[in-house]
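What TrEMBL records for 10-437 is domain 'Major facilitator superfamily (MFS) profile'. The transmembrane segment annotation in TrEMBL covers 46-64, 76-95, 101-122, 134-157, 163-184, 244-269, 281-304, 311-332, 344-369, 390-408, 414-433.
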Amino acid sequence: MNKNSLLYFIAAVAATGGLLFGFDTGVINVALPQLRTKFNPSPETEGFIVSAVLFGGMAGPFISGPLTDLLGRKKINIIASFVFVVGSIITAIAPSVSFLIIGRLFLGLAIGIVASTVPLYLAEIAPTDKRGKLVTFFQLAITLGILLSYVVGYFFADQEDGWRSMFWTGFIPAAILMVGMFFVPESPRWLIGKGRDAEALEVLNRLREPSQAQAELAQTKQIIEDEKHNKGDWRMLFSKRLRIPLFIGIGIFFIQQFSGINAIIYFSTDIFKNVFPDGNTAALATVGVGVINAASTFLAIMILDKFGRKQILYTGLLGTAACLATVGLAFYMKDSLSPELQKIMLVGGVYVYIVFFAISLGPLGWLLISEIYPLKIRGFASSMGSFNHWLFDAGVAYSFPILAATSLGTNGGIFGIYMTVVLLGLLFAKYIVFETKGMSLEEIEKRYN
């Protein structure tokens with residue numbers, strides 16, 4: 001296998017964690033109708049079934065943070081794959097709601113781990129000119145997982161206990177991730193940090209030209225040597241010199257989540273029922289969300305290393321703001337719009353919103369937190385970023401159905417709130433985010449030394 005093929009093989013294996021991320025968060029949307037019939041849960045219990053993954057996701061970074069730097073990027077992903085396998089089995093055979101919730105907590109825990117460790121691993125394994133593309137493989141895999149869950153749900157919707165088949169499907173990529181991680185190398189930067197230079201050089205020689213491998217080894221060793229007198233721990237993340245990266249790690253995920261993306265991913269069928277009372281048509285429109293999300297993320301892979309991170313962020317923020325305004329107006333003006341025009345504004349607004357989100361806010365969150373922090377705390381910092389993602393995701397998941405039941409839902413005001421957050425994100429992009437395109441991880445780190 002040549003160097004380029006090996007690089008993409010590694011990315012594909014690691015990004016399977018993203019596929020599981022998307023599948024296990026999306027599948028509950030299509031499984032819920034059958035779960036209601038099977039278990040007849042109360043609204044509170046139903047909410048906990050849905051949100052169990054979010055709670056597990058918030059716990060994941062606390063486990064992965066120290067273990068990523070202690071055990072290495074490869075071993076922690078093997079552990080996560082085992083947790084995915086356990087969670088998939090428990091949810092598929094669950095005899096009761098309690099077992100279902102336990103299985104969902106396991107899945108969330110695994111998702112919380114891979115959400116921080118896979119982008120970090122991909123960033124450290126990739127050459128500078130391919131880093132944006134390879135890290136975005138993770139976001140592409142998330143969107144493919146969401147799409148897969150929608151398609152699987154559609155096929156098993158009429159099968160008795162079809163929800164079990166939906167959850168069993170998640171076992172397959174979990175097993176692939178577990179086996180595949182044994183065939184990929186450890187992060188060379190982590191190996192250098194542990195003083196295992198010979199192993200790191202062996203990995204780099206498999207992925208780079210010999211001269212590039214030697215130069216990268218020397219550059220990374222120099223960075224580590226410079227930091228020996230300032231031993232890194234979690235408190236370093238909150239130091240004055242890392243204030244900007246800390247703000248970026250919090251802000252990018254706040255804007256990403258409160259742009260309303262998971263209000264659409266979790267509740268798109270309910271949103272579309274406003275113009276498609278027929279449930280099947282609304283469900284097919286939701287599959288369209290998955291298709292557009294995946295296709296647009298593939299486009300992001302093509303452009304992230306060609307254009308600057310900030311340029312792409314500006315474009316995405318402006319585009320998503322315009323689309324959120326369109327969707328909000330489709331609700332606010334529903335009494336004065338023709339049914340066809342309302343459909344175009346609502347469905348078209350959501351679809352185009354997905355395009356702008358998928359090429360910008362979607363991948364940039366994971367990409368930025370994987371490249372802006374110093375090596376010695378990169379594992380912990382990436383885990384903190386993942387925790388922020390889950391915390392803000394939970395905020396949206398809990399608040400949307402509550403707000404949707406008020407006048408903010410009926411008149412589209414909720415989308416106005418999301419639009420306001422996105423517009424404020426333009427100030428964040430201008431004054432906080434700095435450009436990292438074309439810079440090695442070591443060059444980025446030198447900004448703080």
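Even glycines carry a Cβ here, placed using N, Cα and C.
Because TrEMBL annotations are produced automatically, they should be read as predictions rather than curated entries.
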Beyond the flanks of the transmembrane segment (46-64) by 6 or more, those residues with Cβ under 8 Å of it: 24-25, 28, 32, 35-36, 76, 80, 97, 100-101, 104-113, 115-117, 266, 379, 383-384, 386-387, 389-391, 393-394, 397-398
Contact call for the transmembrane segment (390-408) and the transmembrane segment (244-269): at least 3 Cβ pairs under 8 Å, seq gap 6+: yes
Long-range Cβ neighbours of the transmembrane segment (344-369) (under 8 Å; 6 or more residues past either end): 115-116, 119, 123, 131-132, 135-136, 138-140, 142-143, 248-249, 252-253, 255-256, 259, 261, 264, 268, 271-272, 274-275, 285, 288-289, 292-293, 296-297, 299-300, 303-304, 309, 312-313, 315-320, 323-324, 326-327, 329-331, 337, 381-382, 385-386, 389, 433, 436
Cβ-Cβ under 8 Å with the transmembrane segment (281-304): same-chain residues at least 6 beyond its ends: 26, 29-30, 132-133, 136-137, 139-140, 142-144, 146-147, 149-151, 154, 157, 264-265, 268-270, 272-273, 312, 347, 350-351, 354-355, 357-360, 362-363, 367
Stretch with greatest number of CB pairs under 8 Å, the transmembrane segment (311-332) reference, 76-95, 163-184, 244-269 candidates: 244-269
